[in-house]
Amino acid sequence: MTGKKRSASSSRWLQEHFSDKYVQQAQKKGLRSRAWFKLDEIQQSDKIFKPGMTVVDLGAAPGGWSQYVVTQIGGAGRIIACDLLPMDPIVGVDFLQGDFRDELVMKALLERVGDSKVQVVMSDMAPNMSGTPAVDIPRAMYLVELALEMCRDVLAPGGSFVVKVFQGEGFDEYLREIRSLFTKVKVRKPDSSRARSREVYIVATGRKL
């Protein structure tokens, strides 16, 4: 791609981003990202979060999802969050900066969870996108498989899993895998998710024993 094409593409993205009504609302409300609205839509539909819950937030930065969940679980709840990128502190959120693909980071995250009964694991993780689906989709699928592995390790029976997945090769198999582990599984495309994006959110509730 030439510099001129890249510049035109970047300009279009910036124009779309700043004219996006959810970006504008997020700025007005002082929210960390437009992702707040995606999780709010999921909560309105599926009633995932309740006061006092312990929640694991993967791919947490800049903090939109954690910021939302704090309002739902209250002071008695707890969020253990992780991201490769830094995140400004949020009261009630225990943040670990590191690469979730790294075994040592995974171990440190499990240590922070400790003996807590985790009621929700949520993942908004995504790889750096190259724009080539043949490269991007396998990278994204690897991350969501790791998130599901975290569910197997820490999620309490009856717990819930919310995960961003990009539709493409491996999606159907992944969905079948989740259906085998949870009693109820929905695929959501929130209004606040950009229409041209391949992303959808799998909302799985009732982890089987």
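Please read every residue number as a count from 1 along the shown chain.
Cβ atoms are placed via backbone N, Cα and C, with glycine included.
Of all the Cβ atoms in the protein chains shown, 24 others lie within 10 Å of the Cβ of Lys164 (active site, proton acceptor). The active site, proton acceptor annotation in Swiss-Prot covers Lys164, and the record cites sequence analysis as its basis.
Neighbour density for Trp65 (S-adenosyl-L-methionine binding site): within 10 A of its CB lie 29 other CB atoms from the protein chains shown. According to Swiss-Prot, the feature S-adenosyl-L-methionine binding site maps to Gly63, Trp65, Asp83, Asp99, Asp124, an assignment based on sequence analysis.
Considering only the binding-site residues Gly63, Trp65, Asp83, Asp99, Asp124, Lys164 (active site, proton acceptor) has Asp124 as its nearest partner by CA-CA distance.
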